[in-house]
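The feature ATP binding site is assigned by Swiss-Prot to G17, V18, S19, G20, S21, G22, K23, S24. Under the heading GTP binding site, Swiss-Prot lists D68, A69, R70, E71, citing sequence analysis as support.
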Amino acid sequence: MTATVSHAGPQVVILTGVSGSGKSTALRALEDAGFYCVDNLPIVFLEKLLELSGHTAGEVSRMALVVDAREGRFLVEAPRIIRELRQKGADVEVLFLDASDEALVRRYSETRRRHPLAGEGGTVPDGIAAERLALADVRGIADEVIDTTTLNVHELKRLVTRRFVAGEGAKLGVTLVSFGFRFGIPTHADLVLDVRFLPNPFFVPELKPHPGTDPRVAEFVLGQADAKAFLERLTDLLGFLLPRYRNEGKSYLTIAIGCTGGKHRSVALAAALAERLEGSGQPVRLWHRDVEKE
């Protein structure tokens, strides 16, 4: 008998990706946010789980599950399974977590664990290569891919929480991330803007110790004629882009604004842009990634 999923079905997040990329961390973040979470659920049981959730009087409205490369049927049948669940009313999103080979090798070295696909006598790089090959098709159908190479545990948890929890109901979720080029460009960003053309408060002794959230630093940065012109033009550009992204079915946009260290200029400008967007009715999630780094 085929299970029936109502059109008011639960929100389902399928977490997948390479081993060591942070799937367990992402799952914990969603569990903390109130999702019903299952680790390594065989995909054949997902439809049954959704059917049972329909008899819980709304108690299970959001669920997340981890599926990895050892779930052979998911790798083969993922597109069909996800398509059928969506046709039956389930709100299914696939999040694929990735990281560079170097980062994965380092993480396995730190935990002293064997790679699950390394095989007898195989090395961690062997396992990584085998897993990438096995997951290639699944990566291709993911709604979003997040590269966790430069993210620590806390940054990944914040990112996942903002992605699936904050600002619910918005047709297009916008996240503004201030960052420092010194610490790397956010790999999950859709748009990257470089504001190092502006005078740097770092070289003003009385401003150097204070972040861009400090009114004195913000006044110094935003008081520049070029900063004002930049904000005007960027606001106009986003006013053009956001509805068109939305019309094309994009549900999430990350805009990264960077300066040298991520403490002064990018912070002030990201906050000012967030204020402008929110003033126009666009919900915004603001994250100052590197403001506390030295």
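Here the Cβ of each residue, glycine as well, is placed from N, Cα and C on the backbone.
The two recorded residues, G22 (ATP binding site) and D68 (GTP binding site), show a Cα separation of 12 Å. The Cβ centroid of G17, V18, S19, G20, S21, G22, K23, S24 marks the ATP site; residues of that chain outside this set whose Cβ lies within 8 Å of it are D68, L97, A99, T148, given in sequence order.
Rounded to the nearest whole angstrom, the C-alpha distance between S19 (ATP binding site) and D68 (GTP binding site) is 8. Here is what falls inside 10 Å of the CA of V18 (ATP binding site) among the binding-site residues D68, A69, R70: D68, A69. Distance noted between the C-alpha atoms of G20 (ATP binding site) and D68 (GTP binding site) is 11 Å. If you take the C-beta of K23 (ATP binding site) and look for same-chain residues 6 or more apart in sequence within under 8 angstroms, you find L15, T16, G17, V66, D68, L97.
Compared over the binding-site residues S19, S21, S24, the count of CB atoms lying within 10 A of a residue's CB peaks at S21.
Cβ contacts within 10 Å of A69 (GTP binding site), excluding its own Cβ and spanning all protein chains shown: 21. In three-state terms derived from DSSP, G17 (ATP binding site) belongs to an extended strand segment. Around the Cβ of R70 (GTP binding site), the same chain contributes N40, P116, L117, each under 8 angstroms and 6 or more positions distant in sequence.
Counted within 10 Å of its Cβ, the other Cβ atoms near D68 (GTP binding site) come to 21, all protein chains included. The secondary structure of D68 (GTP binding site), as reduced to three states from DSSP, is coil rather than helix or strand.
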